[in-house]
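Written below as structure tokens is the structure these notes are about.
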Amino acid sequence: MYFKKKYIGLIDKNCEKKILDDCTTIKICYILIGILIGTNMITLIYNFIFWDHYMTCNKKDKMFYCPKDWVGYNNVCYYFNNDSKNYTTATNSCKQLNSTLANNDTNLLNLTKVYHHDKLYWVNYSLNDNFSLSLRNSTYEKRSKYLPLLFICSK
């Protein structure tokens, strides 16, 4: 029933329209679908065989991962704690997270300009028995170790 229809299709060498029937049109569609499926299969097989090339990183790549709720910056992970604690308790809390109080360095200064710049944090630096440094607005201030402040852990 459908195989008796004729369609204007391709143009031959003499620039005349060729008339195609249903069988020829269906054959052309099957050939095109076969080519598409074949190229996709070849691509999948190639990617499967050479997957190692896609997974390796160059040694120049600086890729690192931080735990959930930690902030990654310059190959260091920082944790901004929301609980105020004194210097000793803050140090112990960081140890429980397998980290230390953040060191007072340029990376931390740059990071605090972006995150929580108006808060006061303990950093890893003792002045003497009862004092340590705290960080606020990218500047360091001398504080009593017994004063409860927020703190930043790093690892």
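Positions of Cβ are set from backbone N, Cα and C atoms, glycine also.
A C-beta separation below 8 Å, combined with a sequence spacing of at least six in one chain, links C77 (disulfide bond) to F64, C66, P67, W70, V71, S99, S154, K155. Annotation comment: Swiss-Prot describes C66-C77 (among others) as disulfide bond, evidence class similarity to another entry.
Note on C94 (disulfide bond): other Cβ atoms within 10 Å of its Cβ, all shown chains, come to 23. C94 (disulfide bond) falls within a helical segment according to DSSP. If you look up Swiss-Prot, you'll see C94-C153 (among others) marked as disulfide bond.
What Swiss-Prot records for N82 (among others) is N-linked glycosylation site. The Cβ neighbour count for N82 (N-linked glycosylation site), using a 10 Å radius over every protein chain in view, is 8. According to DSSP, N82 (N-linked glycosylation site) is assigned to coil rather than to any helix or strand.
Look at Swiss-Prot and you will find N86 (among others) tagged as N-linked glycosylation site.
Other C-beta atoms found within 10 angstroms of the C-beta of N98 (N-linked glycosylation site) number 9, with every protein chain shown included. The N-linked glycosylation site feature in Swiss-Prot is assigned to N98 (among others); the stated evidence is sequence analysis.
Look at Swiss-Prot and you will find N104 (among others) tagged as N-linked glycosylation site, backed by sequence analysis.
If you look up Swiss-Prot, you'll see N110 (among others) marked as N-linked glycosylation site, on the strength of sequence analysis.
According to Swiss-Prot, the feature N-linked glycosylation site maps to N124 (among others), an assignment based on sequence analysis.
Taken from Swiss-Prot, the feature N-linked glycosylation site applies to N130 (among others).
Marked as N-linked glycosylation site by Swiss-Prot: N137 (among others).
What Swiss-Prot lists as region 'Lectin-like' is 66-154.
Taken together, the residues of the topological domain 'Cytoplasmic' (1-30) have an average pLDDT of 65. What Swiss-Prot records for 1-30 is topological domain 'Cytoplasmic', and it gives similarity to another entry as the kind of evidence.
According to Swiss-Prot, the feature topological domain 'Extracellular' maps to 52-155.
As annotated by Swiss-Prot, transmembrane segment applies to 31-51, with the evidence given as sequence analysis.
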**Report entry** glycosylation sites clustered about C153 (disulfide bond) [Cα within 10 Å; pool: N82, N86, N98]
**Finding:** N98
Query - N86 (N-linked glycosylation site) and C94 (disulfide bond), Cα-Cα, nearest whole angstrom - result: 12
